[in-house]
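Below is one structure; the comments refer to it alone.
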Amino acid sequence: MSLKSWKEIPIGGVIDKPGTAREYKTGAWRVMRPILHKEKCIDCMFCWLYCPDQAIIQEGGIMKGFNYDYCKGCGLCANVCPKQAIEMRPETEFLSEEG
């Protein structure tokens, strides 16, 4: 049995306006950060389907990256990726990049 892509999965329930979550950014408490290795990505969009915070940036069914303002670092995206295209890295590795 092969996995279906996001376009082949029947529509279930969709919350298109998830409360007031967009009003509240994650802040500085995220411990792990997802990193996309685009060369491995097959744009199956499982990450987009499973992300509880709508932090996956996609355009026309193509994975573009992450909205780190809302990503909690839970790792669901990395866990569901069939090609291991998403790696979870410690947030401390990025402190010098952000000042």
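One is the number of the first residue shown, and numbering goes on along the chain from there.
Cβ atoms here come from the backbone N, Cα and C positions, even for glycine.
On a predicted model such as this, the values are computed, not experimentally measured, just so you know.
If you take the C-beta of Cys41 ([4Fe-4S] cluster 1 binding site) and look for same-chain residues 6 or more apart in sequence within under 8 angstroms, you find Met63, Cys81, Lys83, Ala85. The [4Fe-4S] cluster 1 binding site feature in Swiss-Prot is assigned to Cys41, Cys44, Cys47, Cys81; the stated evidence is similarity to another entry.
Note on Cys77 ([4Fe-4S] cluster 2 binding site): other Cβ atoms within 10 Å of its Cβ, all shown chains, come to 26. As annotated by Swiss-Prot, [4Fe-4S] cluster 2 binding site applies to Cys51, Cys71, Cys74, Cys77.
Helix, strand and coil content of the domain '4Fe-4S ferredoxin-type 1' (32-60), in residues and according to DSSP, is 5 helix, 9 strand, 15 coil. The annotation domain '4Fe-4S ferredoxin-type 1' is assigned in Swiss-Prot to 32-60 on the grounds of sequence analysis.
Residues annotated as domain '4Fe-4S ferredoxin-type 2' in Swiss-Prot: 61-91. Across the range of the domain '4Fe-4S ferredoxin-type 2' (61-91), the DSSP-based residue counts are 6 helix, 10 strand, 15 coil.
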Cys74 ([4Fe-4S] cluster 2 binding site), number of other Cβ atoms within 10 Å: 18
Check: same-chain CB within 8 A of [4Fe-4S] cluster 1 site center, minus Cys41, Cys44, Cys47, Cys81: Ile42, Asp43, Met45, Phe46, Met63, Cys77, Val80, Pro82, Lys83, Ala85, Ile86
Cβ neighbour count within 10 Å of Cys47 ([4Fe-4S] cluster 1 binding site): 25
